[in-house]
Amino acid sequence: MTSLLLLLTPLWPLLLALPLVLRLLQSEPAASQQAFNALWLSAPLPALLLALYLGSGLFETAANSSQQLLLPGLLLGGHWLVDEVRLVFLLMTSLLWLLAGIYARGYMQGKPAALNAFALLWLLTQSGNLLLILAEDVASFYLGFALMTFAGYGLVIHQRTSEALQAGRIYLVLAVLGEALMLAGLLGTTARSATPTMSQLAITLAEPDAPLWLLTCLLLGFGVKAGLPFLHVWLPLAHPVAPTPASAVLSGAMIKAGLLGWWLVLPLGLTSLPQTGHLLTTAGLLAALAAALIGIMQSRAKSVLAYSSISQMGMITALLGAGLADQHLWPLLVPALLLFVAHHGLNKGSLFLAVGISQHPGRLPLPLLVLLLLLPALALTGLLGSGLMTKWEAKSGLYQLEYTGLINWLTLAAAGTTLLMARYLWLLWQEYKTASQPDQHQSNPWMLTGWLILLPLGLLVPWWLPLPDQAQLLWPDPQNFLQLALPVMLGSLLALAGGWLIGRFSKDWQSRAIPGGDLVWIYLSLQQPLQHLGQKLLSALQQAQQQVLQLAHSLSLIWPLLLRLTDRESLLRREAALTFALLLVVLAGLLLL
Amino acid sequence: MMDLHFWLPVLVLFTSLGAAAIIFWLDENNSRMRSSINLAAAGIKILLVIWILVGVSQGEVYETRFTLLTGIDFVLRADALGVMFAGLSSLLWLFTTLYAIGYLEGTPNRRRFFGFFSLCVASTLGIAFAGNLFTFLIFYELLTLSTYPLVVHKGTDKALRAGRLYLIYTLGGGVVLLAGVLWMHSLAGDLSFAATGQLDALLPEQASTLKWIFLLLIGGLAVKAAMVPLHGWLPEAMVAPAPVSALLHAVAVVKAGAFGIVRVVYDVYGITLSYQLGLLLPLGIAAAITILYGSLRALAQQDIKRRLAFSTVSQVSYIALGISLFGPAGTIGGLVHLLHQGLMKVTLFFCAGNYAETLGIHKIQQLNGAGRRMPGTSLAFTIGALGMIGLPPIAGFISKWYLATGALHADMDWVLLVLILSSLMNAGYFLPLLYRIWFCPQQGEWPQERVLGRWDTSLWLLIPPLVTASLSLLAGLLAASDFSPLAWVQLVTTREYLP
């Protein structure tokens, strides 16, 4: 049963993709709603079933709760499994894909653009995302990662506007760079490992003589996906232009793939790497704070959410860095991080989906809509539900080993999150106002269904998420509640003050705001001189080659010589009989000797 | 002596030679008969090669040996390495023949074309089964001569110029190789290809002579293997018809050079001796330079076939690179790439030919929207291109995996950097093509559209790339199974390292 589900998890979406490929081959008209049928929706079900089956506690066979599947013929020997960590990722990812898929079915209705292509790429991206979660052998993992990344490109540029294409280009360049770094790290570490499995890589990297460049390659390679500062620029560009359900999975599930990569290969809990760990923490905090500052300047809700994702991933990165720096801290952080992953993935998903809902609110009564929009935002700030629990869990781990500095920074970052959420809600409100005046669109039942199921699931993560056995969830006691609410209050105050100041003094602040994608504009300005340099180098090489070619051609100077030889030859031809007679004599002489 | 074990290698050769003879004798217009003979010969040959393959895997020896002159034997011998190359050639010959029949439908001079085509494959098989340097040299030169009419097949000025350049390069290389072979013969006598340390006795007195001979042998072979700076003929030879380019790039000429290098390093010198003499590092550096230079040049090409040609320059040197990595993993990486690159590159050239034949597309800018018009071809092209970049689950990934592992095992970490840089550049010159094919809308009319059947193009042209693309996908996806190219290469490697 488990083996079958393991096999179907990445395979079922691929099987469903087959008819779409065939339709592509027959070059049928692409705009058909049929692509999004019930079968298409069922793509993540095997993964979800597997996660529920393993996570429900019904299944307790042996001491280890992990189940595996060996596929000896696949790639370089396939090895797929679900353990405690993967279980959380799998559950969160499959849920998000399922509900975003339901939402997408409604979202794509009446849209003219290439639906067949979208449906196909959706399945491929999903298959890759699920495979990389299960993969224990390095080749399968890389396959899943690459499939997800490259198929995801098609989702990003789905709308084919020039903005989408530009975002897609940046996405692709960084993705290829990330894949290359990751591949170097994976291959380099595998060559030093006994077996090509992910857990073995962590053991290899824990050895004291493991070269630093391997660790660097892996950190940066996965960092592209996880939104590490300086490598994050694709995120705020890709999210606003992608179709909303795609943004939801991109931000909820796919950027977690980078985190999972780190989680699996870094020697967390095996050894302490203080320098690397602190560096990672610093980078994470930088992302958390800077993204909040740049994010509040955005004027599109989805851009704000993208920056919020960078900021949240920055917090996770900071925690991960702390765990990397101190192997004793790591076990305390594991439940908090798992909770964080599921909490952020699902809530961010529902925040993205809400953007589409607020544009077409339909007949939802306003107070209910406001409440439903407010709840996940408040959860993300950490005021209630899953966010509160996540924060408490993380803090208590850090308190135990007296990481007060990190706690303070994270508190500041949480205040930033509050600012971002305030900005997001403000922008949603604007969109709602413009949309609801002539309510041209009915709210779509598919969109509403997807969103309304995802919303409570996200809010209630700690109450249903199967965490590792030994992890005990700590419930915050009421005295500490005030302390936990502090950053939210700080953020709210800042937001109010900021809103008032802007309204009062500066109407055209947006012209001075940092545009979405921030550093990318600096990168792009470097492109021209670099291209110029490359062209110069190429033309120099070409010239050198031309010279070699000319040298080769100068061999043809032998030609006149050859012609003269031909003249002489005519003599031989005229006296052919004599020539052959001579030849015979010579040959006979040779044989006799 | 006159049993099957003696005759089998000759028989394989004669299927192509016989086909060539009959085709030359047939009338130009008798295309049905010609195609039947071609396909029958290709089919028989595959069966024979499979027979040998099974035998060799069970430890059988197939050897044909004549003494030509005292001290010089003509030897055809099917060992694991030779069968590997023969298998690739006969498999791809079948698909290329199918493709060529469709491609040349209704054009003049098909008798000449198919005749020399068969001769060319016969020479390639001769190279695969050659049991010593002398036999190798004969077929190597024969290959040069039988390919020339194919390169200049169109008879245009440009084709003739390319053909002349091809002859200058390859005959020049042949002379250098000949010098190396003669010198080696004078030093060590008639050496059979064997993975034993047959030259060890000459050490240490003759070490420097052996180095010079190595330089001559590899220098001669490097011309066909298109290693920089001896690669100039390859991009020019692109004027040949698409099936010829496919054959040239995937199995025949370029691979003959690479295969020769494999033979010299493993079966003349022996990998251990090559390593002791310090010959592997320079070879590796030359290969690395070729890889990077080829990729860099490919980036700048605007013509599809020329871009593919420079990609070949780069990719074929992966084989030499793998050979230069001392250790089984490097060997596996190099040898398996010989097979994988063949499958993937033949696919790409078939597709380039299809675009040119069906839509008149030659330039990269013209590819916009081709995916919608020719989805089958484009799918095959995508698989080939992604495989070249080295993305799983396509065959190129497996090659790259073993090359990288081999590099690290041989303590040549810089090779990993070369591989990664090359992959980046591969992505840089293949992804824009895929982007244009799938994501850009068509702009205006196709340059020269022909409607050939209800599919993309005629089935003769469509099926070969689809099959080779599937094979390159399966070769990667099921690499660890018993029937993959990787499995055979592992067998070869075991025999090379444990003679």
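Positions of Cβ are set from backbone N, Cα and C atoms, glycine also.
All TrEMBL annotations are machine predictions without curation.
Among the features that TrEMBL reports, transmembrane segment is placed at B:6-25 (among others).
What TrEMBL records for B:37-54 (among others) is transmembrane segment.
The transmembrane segment annotation in TrEMBL covers B:74-101 (among others). Here the transmembrane segment (B:74-101) has long-range neighbours at 8-10, 12-13, 16, 35, 38-39, 42-43, 45-46, 49-50, 52-53, 55-57, 61-68, 113-114, 117, 121, 124-132, 134-135, 138, 192-193, 241-243, 246-247, 250-252, 255, 259, 262-263, 266-267, 335, 338-339, 342-343, 346, 350, 353, 460-461, 463-465, 467-468, 488-489, 491-492, 495-496, meaning same-chain residues at least 6 beyond its ends whose C-beta is under 8 angstroms from one of its own.
Under the heading transmembrane segment, TrEMBL lists B:113-130 (among others).
Taken from TrEMBL, the feature domain 'NADH:quinone oxidoreductase/Mrp antiporter transmembrane' applies to B:130-424.
The transmembrane segment annotation in TrEMBL covers B:165-184 (among others).
Among the features that TrEMBL reports, transmembrane segment is placed at B:212-234 (among others).
The annotation transmembrane segment is assigned in TrEMBL to B:246-266 (among others).
The feature transmembrane segment is assigned by TrEMBL to B:278-296 (among others).
Same-chain residues lying 6 or more positions outside the transmembrane segment (B:377-402) and placing a CB less than 8 Å from one of its CB atoms are 311, 315, 318, 322, 329-330, 332-333, 336-337, 339-341, 343-345, 347-348, 350-352, 354-355, 358, 370-371, 419, 423, 426-427, 430-431, 433-434, 437-438, 456-457, 462, 465-466, 468-470, 472-473, 475-477, 479, 485-486. Among the features that TrEMBL reports, transmembrane segment is placed at B:377-402 (among others).
Annotation comment: TrEMBL describes B:414-438 (among others) as transmembrane segment. Through the fold, the transmembrane segment (B:414-438) approaches residues 284, 288, 291-292, 295-296, 298-299, 301, 304, 307, 311, 314, 321, 325, 364-365, 367-371, 378, 381-382, 385-386, 388-390, 400, 403-404, 407-408 of its own chain, all at least 6 residues removed from its boundaries and within a Cβ separation under 8 Å.
Proximity of distant same-chain residues to the transmembrane segment (B:459-480), defined by a Cβ-Cβ separation under 8 Å and at least 6 residues beyond the stretch ends, is recorded for 92, 95-96, 98-99, 101-103, 105, 339-340, 343-344, 346-347, 350-351, 353-354, 357-358, 376-377, 379-381, 383-384, 387, 392-398, 452-453, 486. The transmembrane segment annotation in TrEMBL covers B:459-480 (among others).
The stretch in closest packing with the transmembrane segment (B:113-130), judged by the count of Cβ pairs under 8 Å and taken from B:6-25, B:37-54, B:212-234, is B:6-25.
Residues 133-134, 137, 140-141, 144, 147-148, 151, 191, 209, 212-217, 219-224, 230, 232-233, 236-237, 253, 260, 268 of the same chain lie 6+ residues outside the transmembrane segment (B:165-184) yet bring a C-beta within less than 8 angstroms of a C-beta in it.
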